[in-house]
Amino acid sequence: MNQFIFETRQKTIFGIMMLIGLISLLITFMGDDQWHTRFWSNVLHNSVFFTGIALMALFMIAAKITAWAGWYTVFKRLWESFSLFLIPGFVLMTIIAIGIWAGWHHLYQWADKAVVASDPVLTGKSSFLNKNWYTFGGMIIMGGWIFFALKLRGLSLDQDTNGDTNFTQAHKMRVWAAPTLPFIGFSSAAMIWLWVMSVDAHWYSTLYAWWTSVSLMVSMIALTIIILITLKIRGYFPLVTIEHLHDLGKYLFAFSIFWTYMWFSQFMLIWYGNIPEETIYFNIRLHHYPVIFYINIVCNFAIPFIVLLRNDTKRKYGTLMFISCLLVFTHWINFFLMLKPGILQTAHPDVYNVPGFNIPGFLEIGTFVGFLGLFFYFVFSRLEKASLVPRRDPYLMESASHHT
Amino acid sequence: MKHPEKNVIFGLYDDEEILKSAVIKANEDHLRIMDVYTPFAVHGLDPLLDLKESRIHIGGFVYGLTGTLTAFLGMTWIHTRDWPQIYGGKPYWAILSFVPITFELTVLFASIGMVVTFYIINGQGPGVMNPILHPSITDDKFCIAFETGGLENSEVDKLRNFFNNTGASLVETKTI
């Protein structure tokens with residue numbers, strides 16, 4: 001089957017998921033403090049998570065094109081659809097940015113003029129950590145991402161109808177993919193500092209952007225595996241074989257290890273240096289969030305390491321599906337652990353036991369389900385817009401006979 | 001390691017696709033292939049030759065575990081029993097600072113152990129000369145070899161016919 005059909009039943013399921021999300025957000029909004037901190041932190045958490053996943057899909061496509069890689073071609077429409085989620089992501093992040101100007105929320109300490117004026121550290125950082133960078137810098141950078149995503153998607157769709165033996169579109173894609181890589185490389189770090197790291201406005205870590213990007217990369221690969229297996233069982237993607245899933249499983253394994261490497265490098269240096277303004281970050285997280293702190297390490301490192309170490313677990317739907325579902329959820333928890341403690345300390349200094357900030361509650365999970373529904377709905381509706389198999393792609397044969 | 005001498009008939013093929021179809025033909029005719037030699041790893045050849053999965057990675061796991069334990073237990077003994085010292089105000093048994101070295105020794109033990117195992121299994125090593133059937137196997141030709149020791153002339157002719165029918169560019173006999 002070359003043409004994906006977005007069935008009404010799937011639309012209903014994703015609709016219900018989005019409804020659960022909306023209701024969760026509404027309930028969160030009702031019983032909240034004066035800045036609606038829980039509501040806004042949930043919106044920020046999920047918006048960053050899914051926008052980042054879309055960005056990583058774009059990065060992966062660009063990296064594959066630049067490396068002359070062919071094996072991913074049979075399912076590249078999936079990553080293209082992922083990357084287009086940058087457009088809803090742009091809207092979501094812009095809403096949060098407008099919230100800073102309008103004073104709807106109090107997520108970021110640096111957004112408060114009075115605090116910045118009396119705080120030498122924040123004054124020193126104010127040339128980067130300010131509303132203008134957050135809003136307009138963010139819009140320009142995300143605009144650039146969307147531009148590259150649309151460019152690569154457009155060329156890929158054009159190839160389906162007008163592809164020729166001179167491989168015009170493939171050559172153009174190479175031209176556009178090359179600048180995409182450094183652009184994402186540098187700009188993603190800036191956006192992660194603004195969106196995620198600056199919730200702890202006084203603290204910084206040079207590793208942070210890579211660590212976060214790898215977390216998003218693992219989630220992206222895991223979502224790819226989940227959707228591929230689900231659609232394969234329904235009869236789509238006949239050309240995607242267990243060999244492609246095996247390679248995706250290797251990615252999942254490798255990036256999980258890389259995530260741990262980053263996590264540990266950051267943790268050990270701060271532990272060893274033992275400087276109070278640096279250790280405060282892990283001090284809060286270790287002593288007030290012990291459960292999710294250890295869940296984070298065990299589920300993002302130990303379980304994928306043990307399960308995916310063997311050859312045959314990467315070649316079975318069951319184990320791949322289990323580990324992918326687990327990793328999407330636990331990397332979402334990783335983001336929870338990055339964002340919530342900092343936001344809580346900004347809104348209510350020295351307060352720790354607040355519902356929805358210690359551990360993900362029903363409302364947080366409901367919001368996650370809602371955003372997941374939105375993501376799936378968007379991706380599936382993009383999948384429907386084009387043929388699932390890129391018919392005239394020069395790498396199609398190489399990909400179809402892929403063998404690990 | 002000294003190999004016993006073997007009488008061999010072999011054919012060279014120009015392309016890996018011709019080689020693969022020849023191997024399929026040999027399987028159909030129930031000819032016992034001694035070995036296939038290729039200048040690079042040919043995808044899809046292993047199941048045709050009925051080769052079992054290598055067990056060297058099990059060795060790798062064991063060597064790696066040995067490295068992990070050596071490093072971790074070694075540092076534990078040194079830092080708590082043999083020569084306890086305080087570095088940077090940390091406790092004697094500072095597990096976190098052991099992790100990088102434990103990781104390094106795991107990788108070192110696993111890699112060296114696997115290389116040595118591989119060399120021993122294959123009878124390789126410094127100064128060992130291994131006979132080769134034809135020099136172009138290491139360049140651009142693909143080779144199928146049959147053992148002819150103890151075969152009658154009619155059976156050897158059958159093998160010769162097989163090579164000619166499947167498009168071998170060169171057929172030779174050799175004692176290695």
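Using the three backbone atoms N, Cα and C, a Cβ is placed for every residue, glycine included.
Caution: TrEMBL annotation is automatic and unverified by curators.
Of all ranges given (A:51-72, A:359-380), TrEMBL attaches the label transmembrane segment to A:359-380. Against the transmembrane segment (A:359-380), the recorded stretches A:12-31, A:84-104, A:133-152, A:251-271, A:291-309 differ in Cβ pairs under 8 Å, and the greatest number is found for A:12-31. Below 8 angstroms of C-beta separation, residues 41, 44-45, 48-49, 196-197, 199, 212, 215-216, 218-219, 221-223, 225-226, 229, 252, 256, 285, 289, 292-293, 295-296, 299-300, 303-304, 307-308, 313, 360, 364, 368 of the same chain, each at least six residues beyond the ends of the transmembrane segment (A:321-339), sit close to that stretch. Outside the transmembrane segment (A:84-104), and at least 6 residues removed from its termini, the chain residues within Cβ reach (under 8 Å) are 35-36, 40, 43-44, 47-48, 50-51, 53-55, 57-58, 111, 131, 134-135, 138-139, 142-143, 145-146, 149-150, 153, 195, 374-375, 378-379, 382.
Residues 4, 49, 52-53, 55-57, 59-60, 75, 78-79, 82, 188-189, 192-193, 196-197, 237, 240, 244-245, 248-249, 251-252, 255-256, 258-259, 262-263, 266, 300, 317, 320-321, 323-325, 327-328, 331-332, 334-335, 338, 375-376, 379 of the same chain sit 6 or more residues outside the transmembrane segment (A:208-231) yet have a Cβ under 8 Å from a Cβ within it.
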